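Pulled from TrEMBL, these are the features on record:
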{"type": "TRANSMEM", "residues": "A:24-44", "note": "transmembrane segment"}
{"type": "DOMAIN", "residues": "A:25-184", "note": "domain 'Cytochrome c assembly protein'"}
{"type": "TRANSMEM", "residues": "A:56-83", "note": "transmembrane segment"}
{"type": "TRANSMEM", "residues": "A:90-113", "note": "transmembrane segment"}
{"type": "TRANSMEM", "residues": "A:133-149", "note": "transmembrane segment"}
{"type": "TRANSMEM", "residues": "A:161-181", "note": "transmembrane segment"}
{"type": "TRANSMEM", "residues": "A:201-224", "note": "transmembrane segment"}
Amino acid sequence: MWKWLHPYAKTERAYQLCNTLKPWFWLGALGCLSIGTVWGLLFAPADYQQGDSFRIIYIHVPAAILSMGTYVAMAVAALVGIVWQWRTAFMSMIAMAPVGALMTFIALFTGAAWGKPMWGAWWVWDARLTSELILLFLYFGVMALYAAFDDKQQAGKAAGVMALVGVVNVPIIHYSVEWWNTLHQGATISKFDNPSIAAEMLWPLLINLLGFALFIGAVTGVRLQNEIIRRERHRPWVQQLAAQNLDDKGEKHHAV
Amino acid sequence: MVLPADMVECWPIFYSQRAEPKLSGLIGNNLTSHKQDRCLFQHLHIRLRAGELVHLKGPNGAGKSSLMRILVGLSSPEEGNVSYDGVDISEPAVANNIVFIGHKSGLNGLLSAEENLTYWSAQHQLDVSNAEIYEALAALNLVGMEEVPIKNLSAGQQRRVALARLWLKPATYWLLDEPFTSLDAEGITLMETAFAEHVSKQGAILMTSHQALSERVGRVRVEHLDYRL
Amino acid sequence: MRVLLKGILQRDLTLAFRQKSELMQPLMFLLVVVTLFPLGIGPGPDTLQRIGPGVIWVAAILSSLLGMERLFRDDFADGSLEQMQLSGIPLYQIALCKIITHWFVSFMPLLMLSPLLALFLNLTLPMYTALLLTLLLGTPVISLIGAIAVGLTTGLQRGSLLLALLLIPIFIPLLIFATSAVESAAMQLPYGPQIAIIAAIMLLALALSPFAVSYALKVSQN
């Protein structure tokens, strides 16, 4: 039902949609992240067991949740692209990939940093950290596959297939690793499983989660716009846009 | 029949409403294709009727091969559709009526000419006996080469083996991408005679070639595809 | 059916047996890698028994990656795949046929070699039985999922390292369940659940992979 949409209009419309949404995303991300982080780091009560070191969850947990979420979003975009042959879907998929990989990296880094005071080691083969590590590899795979093709249209489709294969695997990997972990190390390490969390600790976490999500949206928007411009640089509307931009800059120079 | 320009734009609808007999021949309708984000062609219409030879010309990189691959269904166009005698290319049955020989020979170097063609006929669901394969190879002056692994044949001989498929499969549509590559003068004469015969039997040929066809072939319609930025 | 048997299966088997050396190389690699572990870690029978199943599985995955490209590489390069696609046979059936041949020519020899590996690494008979079961059910998953990645990378000139990068993370669950089945067998615990999970993964891959491969090949042909 989407196929009748003219492909040129689609990229152009996607570009404009990004333009409209971007300021709101940046604003929301900045607001949520500063409120959530300040609240979480300075005002939320300390944990009775872990003291202040637990505060890293305000970074770690949103990053971890959204690293998985971004991967699923990529797979959804890939599916849309494959089913409806929508060029912009593949573009947005590949725009998301490095952002998701960054989130995964943040989750891994903060997890390791949290591990040092908690377990006395920078790296412990904890189930969740291991799944995150494998997720990072999956991101690398998709990005490497995309980079390997010269024809970016082909690249998008290929990377999309890989993202779908990966997303089928993510739950299998997650549960297999969790199961492997209980098998090998028993239940001694379960610090991540906080059974319940106090409301005054939870609120800043949720706000930060929203902030991270908006941040991912904003960065993806910028990357999608870049991708569209790079891919469509021969199209008239992009050249018009470039000419307009040059004109604007010229005017500013005159004003100065 | 001449259609008004705006009718051509939407003629599939036009025809289905009129419930006319389906258009015969190979029809590429409104085809658009990009390679590496460069537009090769846009809203291209092409038609190939039975009993016709179309010579597709154009400079390197104009998209001739891409067009051929779209017309046989190896790649899909971004827009538009391809049909053979009114049946869409996505129908598996269409394949029975087409032979495509592209840049790549489609021959495995470790198998002999005879083996390659036997397996090819099996894949294409043709009931071809060994004798018929030998006959086809003989028609292309490859007597004595039937059992030699393809990798030990010269480029011209390999091309002849690839072209032997035209003798094995009774298809109306021949789509040949540079069939004369590495053929000698004798081979080209052979092929041109075969083309003329196929066309006279109401076959249809669409081919690309950088060299002109001789008079032996008979009437040729030339189509140009331009290089665009 | 006859078409597939003669046109694809028989052809691929003929071709495989004309390139015996290419079939043997991954197998020799497997043997050499397995030999490295006792040398690197020490020949203590208990240690070997503990790491044995893991080593065999890791080596099997790595060695299978070496020969994986063969699935579609030659047929893509010489244009045979084009001709197959134009034959009117649905592409997913062609893909499935090729996957079956690939499994048969690259993993059957591995299964035959496995008793020797089990001896090298001091596995007991119950452990070996479990290992054989996991290999029997797990290696088809390698062929099935590997074919998707090969289909995607076959048009690229240097795809083999990329292939490893794409596939190894996907094979992790397989490794986990397989080695844990063998460990359970070592402790004389039932290992039915692990085998069942591997079988389930195999069936899932069997159901989805041919279609993914056919899409992947179409992308590569574009």
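Glycine too: its Cβ is placed from the backbone N, Cα and C atoms.
Note: TrEMBL annotation is automatic and uncurated.
Ranked by number of Cβ pairs under 8 Å to the transmembrane segment (A:161-181), the listed stretches A:24-44, A:56-83, A:90-113, A:201-224 are led by A:56-83. Using the rule of three or more Cβ pairs under 8 Å, pairs at least 6 apart in sequence, the transmembrane segment (A:24-44) is not in contact with the transmembrane segment (A:90-113). Outside the transmembrane segment (A:56-83) by six or more residues, the chain places 36-37, 40-41, 89-90, 92-93, 96-97, 99-100, 103-104, 106-107, 110-111, 113-114, 128, 132, 135, 138-139, 142, 156-157, 159-161, 163-164, 166-167, 170, 204-205, 208-209, 211-213, 216 with a CB less than 8 A from a CB of the stretch.
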